[in-house]
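Feature annotations, reproduced from Swiss-Prot:
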| type | residues | note |
| --- | --- | --- |
| BINDING | His18, Asp174, Cys175, Lys176, Lys240, Phe241, Asp249, Arg255, Lys256, Ala272, Lys276 | ATP binding site |
| BINDING | Asp20 | Mg(2+) binding site |
| BINDING | Glu46 | K(+) binding site |
| BINDING | Glu59, Gln104, Asp249, Lys280 | L-methionine binding site |
| REGION | 104-114 | region 'Flexible loop' |
Amino acid sequence: MSRNTPHIFTSESVGEGHPDKVADYISDSILDACLAQDKTSRVACETLVKSNMVIIAGELTTKAVIDPEKIARQAIREIGYCNRQDDDVFHADTVFFTNLLTEQSPDIAQGVDAREAEGKGHAEQGAGDQGIMFGFATNETPELLPAPIVFAHKLLIELARRRKRGHVDWLRPDCKSQVAVAYDEDGRPAHIENVVISTQHTEDVDHDTIYSYCVKLIKNVLPAELLDERTEYFINPTGKFVVGGPHGDSGLTGRKIIVDTYGGMGRHGGGAFSGKDPSKVDRSAAYMCRWVAKHIVAAGLADKCELQVAYAIGYPAPVSIRVDTFGTGKVEEISIENALENIFSFKPADMVEQLNLLRPIYRKTTHYGHFTNPELPWEQLDETRLASLKQLLH
């Protein structure tokens with residue numbers, strides 16, 4: 001990942017109205033509704049959207065009394081698919097809704113629950129599944145995230161802000177962005193090679209208007225020092241994008257895991273986030289790994305850091321932990337790994353406590369990456385832990 005020669009790295013983002021993100025948002029909205037009433041809720045909610053249909057399926061164990069259909073329609077309305085003229089197929093008020101949620105398997109529950117069970121051997125909360133999770137951080141941006149994914153997200157955040165404020169009346173919810181960043185010999189962002197924006201629009205706007213509007217937006221949002229006459233702009237390259245969202249393509253929870261994380265620059269264990277409560281280490285451990293990697297970089301122990309953990313279902317402690325600083329470390333990686341054991345805990349119950357995860361905060365994660373919102377707990381640095389890590393430099 002760390003390279004000594006100039007190179008280009010590209011990442012993409014997708015907007016709130018992208019069909020996969022519509023599905024993610026419905027799943028996270030149902031999760032939050034459960035946690036708002038019952039913080040011990042076990043939720044694994046998958047959503048499929050296509051044409052004028054919404055189907056939810058998965059496992060749900062909760063004392064909360066919720067109306068999944070009402071929640072789904074409200075989520076769709078918040079995204080913006082509620083215009084009678086333009087949303088004649090996929091509309092918040094008229095979609096057909098199917099609920100296939102069932103209760104969590106008791107075999108899975110006994111492994112996760114903080115109680116003894118035959119063959120379990122302990123009474124601690126165990127991991128909800130086996131698997132590997134990664135966290136990543138780099139000091140190339142203030143967010144401690146890779147520049148390409150940060151830039152791609154920022155473009156769509158601004159596009160959505162303008163759409164929702166009525167800046168222009170032709171913008172619609174479905175959109176995508178892509179940014180190619182050239183890195184210099186030191187591995188720092190040096191130039192933006194090209195930018196792609198594809199945005200859904202109404203029928204009554206011409207391509208030239210969309211092109212000039214989006215190029216101006218790009219120049220307002222991205223760092224001016226990285227843009228010049230060599231930068232290429234690809235705006236709605238197909239020429240027309242009227243049919244979008246679930247009307248144009250099917251959407252499914254968990255299909256934008258690279259957009260949700262590091263834009264491809266950091267590894268991904270394969271487990272999606274949306275619709276899963278914190279007992280699922282796919283979500284909680286990935287957040288924890290991001291939090292720890294961010295502390296390692298913020299403490300000055302490395303310019304770039306990736307953390308991997310692995311779990312066995314039903315067991316509380318990770319079966320392995322690995323730190324990789326890609327040759328940018330100021331101290332030995334084994335020293336960092338040893339220090340982590342005393343500063344952080346990767347047991348499922350401890351991760352939930354350290355990050356205060358049993359709250360309805362997950363709708364805030366769905367859009368524009370799970371690691372871009374400074375209000376979220378895994379994006380906030382703990383000064384005591386930071387100071388402990390800095391001791392390794394002395």
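Cβ atoms here come from the backbone N, Cα and C positions, even for glycine.
Swiss-Prot feature annotations superimposed on the structure.
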residue : record                    : Cβ contacts under 8 Å, 6 or more apart
His18   : ATP binding site          : Asp174, Cys175, Lys176, Gly245, Gly251, Lys256
Asp20   : Mg(2+) binding site       : Val14, Gly251, Leu252, Thr253, Arg255, Lys256
Glu46   : K(+) binding site         : Ala23, Ser27, Ile56, Ala57, Gly58, Leu252, Thr253, Gly254, Gly275
Gln104  : L-methionine binding site : Arg42, Ala44, Glu59, Leu60, Thr61
Lys240  : ATP binding site          : His207
Lys276  : ATP binding site          : Leu31, Val43, Ala44, Cys45, Asp282, Arg283
Lys280  : L-methionine binding site : Ala44, Gly128, Asp129, Gly271
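A simple way to gauge crowding: the CB of Asp249 (ATP binding site) has 15 other CB atoms within 10 angstroms, across all the protein chains here.
Classification of the residue listed as 'Mg(2+) binding site' by DSSP places it within a helix. The maximal spread of the L-methionine binding site, taken as the longest Cα to Cα distance among Glu59, Gln104, Asp249, Lys280, is 30 Å.
For Cys175 (ATP binding site), the Cβ neighbour count at a 10 Å cut-off comes to 26, with all displayed protein chains included.
Comment: ATP site residues His18, Asp174, Cys175, Lys176, Lys240, Phe241, Asp249, Arg255, Lys256, Ala272, Lys276; largest CA to CA distance 36 Å, whole number. Secondary structure at Lys276 (ATP binding site), as computed by DSSP, is strand. Secondary structure from DSSP puts Lys240 (ATP binding site) in coil. Each of the binding-site residues Glu59, Lys256 was scored by the number of other CB atoms within 10 A of its CB, and the lowest score belongs to Glu59.
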